[in-house]
Amino acid sequence: MMEKSFVMLKPDAVKRRLAGRIIARFEDRGLKIVAFKMLQIPEDLAMEHYQEHREKPFFRDLVDYITSAPVIAMVIEGKDCISLIRKMVGATNPAEADLGTIRGDFALETGRNIIHASDSPESAEREIKLFFDESEICSYEMPDREMIYEE
Ligand code: UDP
């Protein structure tokens, strides 16, 4: 099934100039970027985005981290892409992430794990709405679509 996932390059990815290499992994895989923006997340949006963690001991540090510098927020589309992108991103703790995953190749610690990706269709829908207006989500055909999908 065609899905849309919310993917965000966190401040450490931007400041470490890793954005192009990370985005290239999604493009190389055949996934389609349908929305894209750089922004510095205001505190209230950070708290809303991570609301499920608000009682956790790391919540304050997480909000400080995610608001510390600009992020790159994206909507990425592809067949069953929500779970696929989670696999490409790797485990929350980069020290435990498989080599070949984004976190496994570029990061070392949980509190500096460089990228966010939606973990379910429900969270994807919620997160996309939080960061993008409907009008900011683009629709276009990939000319090599038949080379990527069987049908
Ligand atoms: N996090 C943290 N300490 C922890 C667990 C999580 O700083 O012990 C941060 C980390 O940046 C993580 C984010 O909180 O990416 C959200 O946690 P979640 O468990 O949802 O992991 P994710 O879905 O990002 O892999």
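Every residue, even glycine, has its Cβ placed from backbone N, Cα and C.
Just so you know, TrEMBL annotations never went through curation; they're auto-generated.
Per TrEMBL, the features are:
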ACT_SITE  H116  active site, pros-phosphohistidine intermediate
BINDING   K10, F58, R86, T92, R103, N113  ATP binding site
DOMAIN    2-139  domain 'Nucleoside diphosphate kinase-like'
Query: Per 10 Å Cβ neighbour count, which of the recorded positions R86, R103, H116 ranks highest?
result: R103
Field: Among the ATP-binding set K10, F58, R86, T92, R103, N113, as the record gives it, the longest Cα-Cα distance in Å
entry: 21
Query: Just the number: how many Å between the Cα atoms of R103 (ATP binding site) and H116 (active site, pros-phosphohistidine intermediate)?
result: 10
Message: Helix, strand or coil by DSSP: which one applies to N113 (ATP binding site)?
response: coil
- prompt: Under 6 Å from ligand 1 by Cβ, which binding-site residues from F58, R86, R103?
  reply: F58
Message: Return only the integer: C-alpha distance in Å from H116 (active site, pros-phosphohistidine intermediate) to K10 (ATP binding site).
response: 7
Statement: CB contacts under 8 angstroms to T92 (ATP binding site), restricted to the same chain and 6+ apart in sequence, sorted by sequence, are R103, T110, N113
Query: For F58 (ATP binding site), which residues in the same chain are close in space, meaning a Cβ under 8 Å from its Cβ, but six or more apart along the sequence?
result: G111
- prompt: Other than its own, how many Cβ atoms are within 10 Å of the Cβ belonging to K10 (ATP binding site)?
  reply: 22
Query: Reduced to three states, what secondary structure does DSSP give R103 (ATP binding site)?
result: helix
- request: Summarise the model's confidence over the domain 'Nucleoside diphosphate kinase-like' (2-139) as a mean pLDDT value.
  value: 98
- prompt: Per DSSP, what is the residue count of the domain 'Nucleoside diphosphate kinase-like' (2-139) in each of helix, strand and coil?
  reply: 68 helix, 28 strand, 42 coil
